[in-house]
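Trainee: Next up is a structure, given as structure tokens.
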Amino acid sequence: MNFLKSVFVVTFITASMVISIYAGKNLYQGGNLLAWIGVLLANAPFIVILSAIMMFKPTARTSEHFPVIIGLGLLGIVFAAQAWWQQSGPELALMLAVLGWVSFLIYLFWYSVFRNRNSQIKVGQPLPAFALKNTDGDKVTSKQLSDKASIFMFYRGNWCPLCMAQVKELAAMYQQLAAANIRTALVSPQPHKNTVTLAQKFDVGFEFYTDTDNKAAQVLGISNPFGVPMGMQVLGYDSETVLPTVIITDAKGKVIWLHETDNYRVRPEPDVFLQVLRENGITV
């Protein structure tokens with residue numbers, strides 16, 4: 001199933017972009033106005049939002065169900081259908097509008113969702129034993145990371161714009177976290193050089209780790225086989241990645257809070273982390 005998802009997301013995004021460009025070309029060349037506007041409404045809005053997130057990384061989360069985009073897509077189908085029915089508009093436009101809208105619904109309610117998450121992380125208990133690689137290439141064990149209150153953020157990789165936006169949000173909180181002597185550990189199974197590059201980019205006192213071969217994620221029960229979009233392998237990424245997860249532990253290494261999202265586009269606000277720490281007597 002995950003393999004199908006990895007193929008679907010690349011196909012969906014590529015098709016939506018191509019269809020949007022094709023609709024724009026037809027409008028420019030004097031094609032049926034109502035029909036091709038309908039195609040754009042059913043295909044372009046999500047591509048515009050995705051492009052903005054990838055370029056500017058303004059947010060680490062989106063609307064869960066995108067009701068506005070769903071509504072625009074329906075309106076686009078109505079436009080294309082009306083053009084075809086009343087004005088002899090092109091049947092192809094109606095087909096492309098329906099295809100774009102249905103594909104978006106599949107993306108929304110199937111691709112974006114993680115079902116039946118079953119991790120080995122338990123609130124009130126220490127983390128299972130695992131090992132990571134720090135930016136110097138040295139091995140660091142989970143026992144070594146249990147000496148003070150910590151925030152562990154497992155993210156998919158530098159290729160994921162929402163993950164990068166979430167790292168950016170945490171970096172903005174660096175002074176507050178450092179003042180309270182709280183470790184912030186960012187963990188990804190991506191190629192080690194990418195982890196080093198990310199650490200250099202943000203240049204804050206966070207601890208950046210590589211989870212080699214995704215072994216820690218497998219121990220914790222948060223691995224995601226075929227979670228990387230098909231084609232990213234040419235950039236050095238493995239097909240397997242990690243499910244976005246945030247863990248907060250106390251000074252004894254006990255898990256005091258856990259967030260395992262069931263939708264990769266829905267992630268906790270950074271203020272939630274501060275609230276959890278305060279509620280557990282950790283001054284921030």
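Quick reminder: no glycine exception, Cβ is built from N, Cα and C everywhere.
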Trainee: With TrEMBL as the source, identify the stretch among 7-28, 161-182 annotated transmembrane segment.
Mentor: 7-28
Trainee: Please report, as numbers and ranges, the same-chain residues at least 6 past the borders of the transmembrane segment (7-28) whose CB is under 8 Å from any CB of it.
Mentor: 36-37, 39-40, 43-44, 46-47, 50, 93, 96, 99-100, 103-104, 106-107, 111, 229-231
